[in-house]
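What follows is a short report on a single structure.
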């Protein structure tokens, strides 16, 4: 009897203390699924870019919001989602793990490690889609980001916070320039993010191996959305990279981000848009493709001192077809960025590496990103090359040239030899200035064109190894133009070296 009373009392107590918690879930149902896209009905309050969850824990992103249907891109194999599947709102936007733990790591577009190393701590996350800094949160670009490539640092200088497009046909050295820029940031307190979109996994593996070998992976994060990945992941990859870079920028750091390449990103977005039944426009791209790229690239900025002074420098890459820079995507990105480095395949095939077309390449930041000494040393370079290219085109008609015209042609050929540079061998600013002084003061006129590569190698060794000459170079103030007395002393040493070289006394 006592047992019955105790049981009844326990039940009564449980009923009295019961607190019914009602959980509301916005759910819908998959109407159509195919090609990585699901059309869902029943979820009315979902937001653009919000994560939704299917029955088997597969996630999707709501990218199309219509009156009765929602277009969701599936972040997994489409075979895992079926018609009639239940879909639930998560009420959260897609985010990615950020922080210093990502340095030296290779992750996919969702921030999941794919390098076989330790798992990441997911406690620190940032939304992939965020607004770019406002005008009042920025300041003008006035600090240079050195690539170590003489032709770029002297003719099309890049500043911290700038967006400089690298554009050209396939196999013209676009990725090589970007990777060399990463290698040159070693010891400069610049974090790097390399975003590979639609690239072959084997090519990215070689890049990761090179970065590791050169000691650059320790300050670099690689995000891979390879050619075999789903279109949604290729679409998300650059925004994920921007979110990772923004975390460091807001921590007062300088960041360099490479988007390799935005042509494949545009194709991935076109694929998604057509599957979502959006109306196609020029070249079948959706109407908002310009917005997608401008929204991405505007997130690169030089923050004001009040916001910490951090920066993101973006080097987007665009692949052209047969050198056509007037196509839709190239013209879009050219108009968004602060200049472009145009690579021409004819120059590349003739042995001019990097194959930069000086006439079509420009930096809209310009000399604001250079030190005063570099401005002075490179001031006559573009004029010399412009005169050379003009005369070269004229000389093709077989016209007889006078001595002064022939001198300009010979000098131009020698300048291009000086500008040739092997990849993975960046030059310091001091080395670049010494080579530019050779050009500025016309000291290369006494050299034969075929001997320039050997001379350049010997001269750079001389600059580093000759104690007295090295002391003069090290005393140069980058913020000031060379004093006449100092310049005269340096020119005398260089002239003596050239005389020895021409006599065969330098090896």
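Note: Cβ is positioned from N, Cα and C throughout, glycine not excepted.
Swiss-Prot annotations:
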type	residues	note
BINDING	168, 169, 170, 171, 172, 173, 174, 175	ATP binding site
SITE	361	site 'Required for activity'
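Locations of recorded Swiss-Prot features on the structure.
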{"residue": "168", "record": "ATP binding site", "contacts (Cβ under 8 Å, 6+ apart)": "174, 319, 320, 323, 342, 343, 344, 345, 355"}
{"residue": "169", "record": "ATP binding site", "contacts (Cβ under 8 Å, 6+ apart)": "319, 320, 321, 322, 323, 343, 345"}
{"residue": "170", "record": "ATP binding site", "contacts (Cβ under 8 Å, 6+ apart)": "319"}
{"residue": "171", "record": "ATP binding site", "contacts (Cβ under 8 Å, 6+ apart)": "345, 348"}
{"residue": "172", "record": "ATP binding site", "contacts (Cβ under 8 Å, 6+ apart)": "343, 344, 345, 348, 355"}
{"residue": "173", "record": "ATP binding site", "contacts (Cβ under 8 Å, 6+ apart)": "343, 348, 353, 354, 355, 423"}
{"residue": "175", "record": "ATP binding site", "contacts (Cβ under 8 Å, 6+ apart)": "207, 260, 317"}
{"residue": "361", "record": "site 'Required for activity'", "contacts (Cβ under 8 Å, 6+ apart)": "155, 156, 339, 340, 341, 342"}
Chain-mates of 168, 169, 170, 171, 172, 173, 174, 175 with C-beta within 8 Å of site centroid, ATP: 319, 343, 345, 348
Residue 174 (ATP binding site) CB neighbourhood, other CB atoms within 10 A: 26
